[in-house]
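Going by Swiss-Prot, these are the annotated features:
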type     : residues : note
TRANSMEM : 4-24     : transmembrane segment
TRANSMEM : 35-55    : transmembrane segment
TRANSMEM : 68-88    : transmembrane segment
BINDING  : 75, 78   : Na(+) binding site
TRANSMEM : 96-116   : transmembrane segment
């Protein structure tokens, strides 16, 4: 149990630091749809896709690796709550089309990046 908690905690810490850094560097560039938040979700979607395929193909790996990468790192990196707050802020400002665009970018982009991560693994591994 302790190994699992440490794996999740370490992954979450690194993922959250990366998300914070992306937000600090990029969000001011385009406040209507903050690119740091979007990039965090897209990167996280891609990594999750790769990880799901990799861990499915590697069942002998310790489960702590999955916890570290998927639950911890990607959980700390991706940010549904920040995305939700940004969309609500756009709606409150009367910028409905920007809010809808942000929703479309985050949701479709994350799903496409997850599929791309899966496809990348299958392409590289020849499966």
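Placed from the backbone N, Cα and C atoms, the Cβ positions cover glycine too.
Away from its own ends, the transmembrane segment (4-24) comes close to residues 34, 36-37, 39-40, 44, 63-65, 67-69, 71-79, 82 of its chain (Cβ-Cβ under 8 Å, at least six residues beyond either end). DSSP gives residue 78 (Na(+) binding site) a coil state; it is part of no helix or strand. Here the transmembrane segment (96-116) has long-range neighbours at 32-33, 37-38, 41-46, 48-49, 52, 78, 83, 86-87, 90, meaning same-chain residues at least 6 beyond its ends whose C-beta is under 8 angstroms from one of its own. Non-local neighbours of the transmembrane segment (68-88) in the same chain are 7-19, 23, 33-34, 37, 40-41, 43-45, 47-48, 51-52, 55, 99, 102-103, 106, 110; each lies 6+ residues outside the stretch with a CB under 8 Å from one of its CB atoms.
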